[in-house]
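Notes follow once the structure below has been shown.
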Amino acid sequence: MRSKDKIAYFYDGDVGSVYFGPNHPMKPHRLCMTHHLVLSYDLHKKMEIYRPHKAYPSELAQFHSEDYVEFLHRIRPDTQNSFRTELARFNLGEDCPVFENLFEFCQIYAGGTIDAARRLNNQLCDVAINWAGGLHHAKKCEASGFCYINDLVLGILELLKHHARVLYIDIDVHHGDGVEEAFYFTDRVMTVSFHKFGDLFFPGTGDVKEIGEKEGKFYAINVPLKDGIDDTSFTRLFKTIISKVIEIYQPSSIVLQCGADSLAGDRLGCFNLSIDGKFLSLWIYPSLCIIANVTGGGGYTKENVARCWTVETGVLLDTELPNSMNL
């Protein structure tokens with residue numbers, strides 16, 4: 001990173017205490033593990049640390065429908081059987097279960113990404129990190145793929161108040177469908193997603209032919225990949241595509257979703273990337289005067305997730321960590 005860069009880091013310990021259920025692959029405890037590693041390697045001493053505000057329902061409704069937000073606010077595990085019609089309507093169930101403190105969980109991770117965008121807008125930092133964010137599948141009126149509130153869309157909407165063009169980059173193994181869908185008809189946000197495609201892999205979207213529509217035509221870029229892609233191939237693709245996108249689109253702000261399920265050995269993933277290969281995606285920032293909002297995302301082998309996001313924090317701080325941290 002540029003030596004003068006100021007990094008803001010958002011974390012609330014409560015976000016890692018929720019429990020999706022005994023057999024569910026999403027383990028928010030990975031966020032506590034990440035934070036403890038960040039502290040152990042003294043990375044917090046090089047950043048400004050903030051506890052995010054809990055996003056208000058009215059803030060969540062900047063993108064999501066009010067009835068959906070209101071339902072998330074009032075549904076509880078002990079009352080959900082009385083709302084079977086609404087559960088089906090809003091796609092809550094096996095993948096997106098109702099659990100204790102669900103709404104507070106959403107408020108915290110969404111609040112972090114919104115706060116990050118506001119600090120960037122006010123020129124109070126150059127890079128803002130919210131590893132709890134990056135839940136890119138949530139739609140306007142429904143949950144999807146372990147995601148309830150789409151914090152990325154909310155953060156981008158905030159950035160658009162001050163920036164004419166925002167570039168969204170998604171390196172999760174799953175297609176960033178919720179973000180792409182939200183901005184599919186506008187040229188003010190360019191979405192670029194690198195993901196596994198085919199073989200009925202979730203969410204089933206992200207074909208190279210999906211390019212946006214109306215004013216947004218050619219402003220959605222999808223890079224569908226096959227099982228087993230390695231560091232060399234991914235890095236070559238990423239650098240070639242992103243460097244050209246930045247040259248042509250000239251964004252003044254970047255939002256990067258760093259889903260860690262693209263790592264080798266992930267419980268739900270199928271790529272063969274190492275942490276070394278994955279953090280190359282963060283090398284787009286040096287020498288570029290572009291502010292950046294960095295979030296987490298998927299990642300279901302939690303020890304690997306914690307190591308990955310800690311190393312990536314180090315990269316953003318221009319701080320090299322021991323080789324034992326890498327896969």
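Using N, Cα and C of the backbone, Cβ positions are placed for all residues, glycine too.
As recorded in TrEMBL:
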| type | residues | note |
| --- | --- | --- |
| DOMAIN | 24-314 | domain 'Histone deacetylase' |
| BINDING | Asp95, Gly145, Tyr300 | substrate binding site |
| ACT_SITE | His137 | active site, proton acceptor |
| BINDING | Asp172, His174, Asp261 | divalent metal cation binding site |
- Note on the structure: Nearest to Asp261 (divalent metal cation binding site) by C-alpha distance, among the recorded positions Asp95, His137, Gly145, Tyr300, is Tyr300
- Rounding to whole Å, the Cα atoms of Tyr300 (substrate binding site) and His137 (active site, proton acceptor) are apart by 16
- Item | Between Gly145 (substrate binding site) and His174 (divalent metal cation binding site): CA-CA distance (Å) | 9
- Task: Determine which residues of the same chain, besides Asp95, Gly145, Tyr300, have their CB within 8 A of the center of the CB atoms at the recorded substrate site, and list them by sequence.
- Result: Pro25, Met26, His137, Phe146, Cys147, Phe202, Leu268, Gly298
- Across the domain 'Histone deacetylase' (24-314) the predicted model averages a pLDDT of 95
- What count of other C-beta atoms do you get within 10 angstroms of the C-beta of Asp261 (divalent metal cation binding site), across all chains shown? 25
- Note on the structure: One of the binding-site residues Asp95, Gly145, Asp172 has its Cα closest to the Cα of the residue listed as 'active site, proton acceptor', namely Gly145
- Which listed residue (Asp95, Asp172) has most other Cβ within 10 Å, given these are binding-site residues: Asp172
- Query: Which residues, in sequence order, are found in the same chain with Cβ within 8 Å of the centroid defined by the Cβ atoms of Asp172, His174, Asp261 at the divalent metal cation site, excluding those residues themselves?
  - Reply: Val173, His195, Lys196, Gly259, Ser262, Leu268, Gly269, Gly297, Gly298, Gly299
- Message: To the nearest Å, how far is the Cα of Gly145 (substrate binding site) from the Cα of Asp172 (divalent metal cation binding site)?
- Response: 12
